[in-house]
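Structure, as structure tokens:
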């Protein structure tokens, strides 16, 4: 019990024992005891004590304590009935900051800000900067615009720091035109203003506008962030890579980010010789540099050079290891990938992350070694990694491809939250095992849950119908895809429909379907067509 830690020498109604308990609090039960003590002693009405509790709990890493700080803050305000009392925004700002920094709904912080406005609590520049940053991170455009409107009515609304927060808000919410309006109306701008606007244009794909702003930016305001933003934008496209080179060569100073951006751009465009030359010129390298080079060589199939680089890399971390393992998987060297995973496990200073585990499960799926898959699954559970997201998809796929569909279903059903990728993996797994009816039932369940399928869902579903001979259901799925979900069928979907009709013996219908396709058939569909023609002649 928490209260056993209090000092028995102090009287019950002393504030000292309550304060001494604060650093012991972690759980909701601890909070309930503190709350009960505050009520029974009457200290709930003592602003000095409650403020100390709010100060202590607001900086806590434990969610229940932050919730209680918020509760105390609002209840303290309601207990003071003097309308002339002017509340200092410090405690409110502290609680707002803790809410935004913790794992809470961002709107909880906005609620406290609204409470301040509605109840006459003074809001200062820091209050506004906190809520604007929160709106930026969470994409709350409507709320951010309302705060912008309020700022216009206040004396400090045109301050540089807050104007920069507004630019960041509109850029993060994808409204670069609004950001530019704020930028153009600013009486004064600094490097943060220019960099935020340039970054917004780059991310929106408006490189010419970004360059225009970069070129007219005062020299004293240009810094590494400005240069790196432009280089990063140009390296996204092979057509613009020359412009990135031009900036790289003339910039007054470079940092690790600059070098890595250029190498990433060259690797992306498969210019590995040039990338390697730049790599050799680097004064210093980090794990991102090594991982990028390993990934680049792996993607063009030169695994020997990739492995040589991996062996040379000093202070290998899991990012570099993942790049090497991904190279093995991408190039079909599944046994090497599995062996590499076991080598990683032997390195005491390295700990596989979710990417490592997804990669090894992908390799095991291709090898069909279910015992290895079970061992990896047990390892994941032993180290306490939550099975969700892409890792859950990899597990479902592994069990399906290794012939253990029951285990795949168990993983699927154990998930607390499923997105479309999990449903796709399960439908695809059922398709591989010829369980078309189950796959169709799963799709109908997905439909009832109002979860929007994508084109991969329908590839798995049509494959399942083809393997199970479900012609009627296959046709229904194809029409649902087009008419209900407004998804344009791709060549794979048309190929699946041809396969469904062919397997069921509807050869003439399949031939008509091919003739009426709006897409030019590929080799696989033409092979189907040749088989159909030969079958019809026989």
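Placed from the backbone N, Cα and C atoms, the Cβ positions cover glycine too.
Counting same-chain residues at least six beyond the ends of the repeat 'PPR' (190-220), those with a Cβ under 8 angstroms from any Cβ of the stretch are 160, 163-164, 167-168, 170-171, 174, 176, 179-180, 183, 226, 229-230, 232-234, 240, 243. Residues or ranges marked as repeat 'PPR' by TrEMBL: 190-220 (among others).
Residues 191, 194-195, 198-199, 201-202, 207, 210-211, 214, 217, 261-262, 264-266, 268-269, 271 of the same chain lie 6+ residues outside the repeat 'PPR' (223-254) yet bring a C-beta within less than 8 angstroms of a C-beta in it. Positions annotated as repeat 'PPR' by TrEMBL: 223-254 (among others).
Same-chain residues lying 6+ beyond the ends of the repeat 'PPR' (255-289) with a Cβ under 8 Å from its Cβ atoms: 224, 227-228, 231-232, 234-236, 238, 241, 244-245, 248, 295-297, 299-300, 302, 313, 315-317, 319-320. Sequence annotations record features per position, and here TrEMBL assigns repeat 'PPR' to 255-289 (among others).
Beyond the repeat 'PPR' (317-351), the same-chain residues lying 6 or more positions past its ends with a Cβ under 8 Å from any Cβ of the stretch are 287-288, 290-292, 294-295, 297-299, 301, 303, 306-307, 310, 359-360, 362-364, 366-367, 369, 372, 383. If you look up TrEMBL, you'll see 317-351 (among others) marked as repeat 'PPR'.
Residues or ranges marked as repeat 'PPR' in TrEMBL: 419-453 (among others). Remote same-chain partners of the repeat 'PPR' (419-453), defined as residues 6 or more beyond its termini with a Cβ less than 8 Å from a stretch Cβ, comprise 390, 392-393, 396-397, 399-401, 405, 408-409, 412, 459-461, 463-470, 473, 477, 481, 485, 487.
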Within the repeat 'PPR' (190-220), residues counted as helix, strand or coil by DSSP: 26 helix, 0 strand, 5 coil
Taken over the repeat 'PPR' (190-220), the model's mean pLDDT: 96
